[in-house]
Amino acid sequence: MAGEKIFRGLIWSLQKIIWFFFIPVYIVRLFYKHKSCPPIKNDLLFLTASTLAYKIRKKELKSETVVKCYIERISEVNPHLNAVVEDRFREALEEARQVENIVNSKLDEQEIEEQYPLLGVPITIKGSLAVEGLNHSTGMLLRNKIALKDADAVKRVKEAGAIVLLVSNTPELCLNWETTNKLIGTTRNPYDLRRTVGGSSGGEASLLSSGASIIGIGSDIAGSLRIPMHYCGVWGHKPSPRLISVEGHYPSCPEEEWPDVFQVGPVSRYASDLAMLFEIMVEPEMKSKLKKPIDLTKLKVYYLTEIRNILVSRVSTDTKEAVSKAVLHLESISKTSVCQEIDPKLLKFASEHSYLRLLMIDNVENLFSGKGEGAHLEFLRLLFWMSKSVFTTVGYGLLRWWSRVIPERCVKRTFKDIAVIKSKLLEFLDDQSVLVLPVFTREASPHGDVYKMLFNYGYCSIFNSLGFPSTCCPITRTSDGMPIGIQVVGAPNCDRLCLTVAKELERAFGGWVPPSADNNFLEMK
Ligand SMILES: *[C@@H]1O[C@H](CO)[C@@H](O)[C@H](O)[C@H]1NC(C)=O
């Protein structure tokens with residue numbers, strides 16, 4: 001117990017020291033002006049993926065026109081956002097022309113819809129997932145690989161008729177909540193280029209919210225399908241474990257427990273597309289596991305506004321407001337009159353529990369073998385600017401090495417605590433209820449600030465440890481136009497309920513807002 005207190009004190013002091021080192025950064029920042037990405041001019045870019053698919057199979061719209069339009073938009077915004085790792089525009093255009101063969105075949109509209117629900121619709125893929133023939137380095141200079149075959153999830157969307165346009169940027173090995181690496185550099189937030197897009201599905205978030213992508217695939221081990229979507233005002237769903245195959249992701253891990261905490265999932269600009277894409281990505285034999293969504297008049301709403309822990313920052317007023325707006329709305333359409341805050345103590349140590357849980361997974365592919373062998377040498381290289389890797393990758397190695405000093409009883413207690421949290425949550429979280437809580441303590445920060453708030457990510461990572469599905473839903477914006485999202489969490493395999501609630505929240509609050517749409521906040525700056 002005393003050891004734990006000293007440890008927490010140390011971490012707290014370290015966080016404060018980091019603030020101090022940031023002083024020069026704060027000064028430099030004063031000289032950067034607010035700039036967002038260019039506005040969207042082509043109306044085609046505002047259509048949902050399901051509308052695009054509908055119009056393409058009805059021959060009202062050519063897939064080639066849609067794909068061309070997206071290629072133009074990507075080429076327009078990418079110099080500002082730096083979100084693309086490698087594209088396949090030529091092949092995509094060729095595939096779009098091939099779509100005509102199916103549209104003009106013997107198949108009628110309904111048959112096309114059943115067999116190819118995404119026929120002719122462009123999609124973007126997070127760079128850590130394998131897309132045959134495209135860069136699969138996951139931001140790592142030392143890896144630098146081309147994928148030989150598609151990841152399972154990519155195969156599913158291709159089979160549904162979607163056309164892959166590109167692979168998007170990730171942090172090195174997905175080990176960061178800021179999308180930056182030595183291969184591509186840093187990806188920027190379309191609403192304010194000075195700010196982070198979060199990570200690790202940051203390239204996807206940036207493209208979706210700038211109107212350069214309509215649907216995509218990402219992955220999540222500690223918030224990666226939710227934090228970037230919250231920072232960029234779009235939708236992301238971290239599924240329940242094992243519904244969607246994680247095969248073909250780098251990094252991967254041979255351990256049995258890996259798919260329990262790590263998930264591949266859908267991301268989108270519109271909530272209705274999120275549900276559709278999710279259904280397409282689920283492995284057919286897992287469909288029977290999914291619970292039916294209920295009528296929202298029967299919904300029971302639980303919420304949590306803030307985790308109080310000295311290592312976690314306070315939740316901003318805007319974030320609290322987003323949670324309460326969503327909760328009040330859901331309460332207003334429900335007839336159950338169950339709407340209550342859960343005991344905040346339950347998730348007090350969410351970050352500590354989930355981080356230790358993740359650190360205990362052996363054999364996750366990374367720069368080092370075993371328990372961080374050679375991490376200290378690499379750290380020395382890093383200090384002298386001689387490393388080809390980045391701080392977070394080396395930091396993970398160091399943490400793995402030092403994890404051997406964590407007493408066995410401490411690890412056991414963490415696992416036990418997580419099991420207790422799970423059973424306590426499941427006492428009230430059934431297939432008719434959701435838990436609403438923040439994705440993060442505030443809106444997107446300037447680049448690099450992630451290192452000052454490492455423990456704030458527990459709001460998301462705890463649901464990886466628990467194996468609960470969670471959907472990131474954009475609800476409001478700050479006075480300077482930055483999006484604020486919330487999480488809608490369900491009991492295991494109640495993904496459809498989370499996605500139904502997401503659609504309702506989009507209907508009520510409008511969801512995604514195009515960058516540069518609201519010139520008021522631009523003029524203020
Ligand atoms: C992957 O992409 C990066 C950035 O564009 C590039 O530098 C690297 O050479 C690519 N790797 C391969 C194997 O093509």
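Cβ atoms are placed via backbone N, Cα and C, with glycine included.
In TrEMBL this protein carries:
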- 12-32: transmembrane segment (TRANSMEM)
- 66-499: domain 'Amidase' (DOMAIN)
- Lys126: active site, charge relay system (ACT_SITE)
- Ser200: active site, charge relay system (ACT_SITE)
- Ser224: active site, acyl-ester intermediate (ACT_SITE)
Three-state secondary structure, the residue listed as 'active site, acyl-ester intermediate' (per DSSP): coil
Rounded inter-Cα distance in Å - Ser200 (active site, charge relay system), Ser224 (active site, acyl-ester intermediate): 5
Nearest-integer angstrom distance between the alpha carbons (Cα) of Ser224 (active site, acyl-ester intermediate) and Lys126 (active site, charge relay system): 11
Active-site residues: Ser200, Ser224 - member with fewest neighbouring CB atoms within 10 Å: Ser200
Coarse DSSP state, helix versus strand versus coil, of Ser200 (active site, charge relay system): coil
Local Cβ density at Lys126 (active site, charge relay system) - other Cβ atoms counted within 10 Å: 32
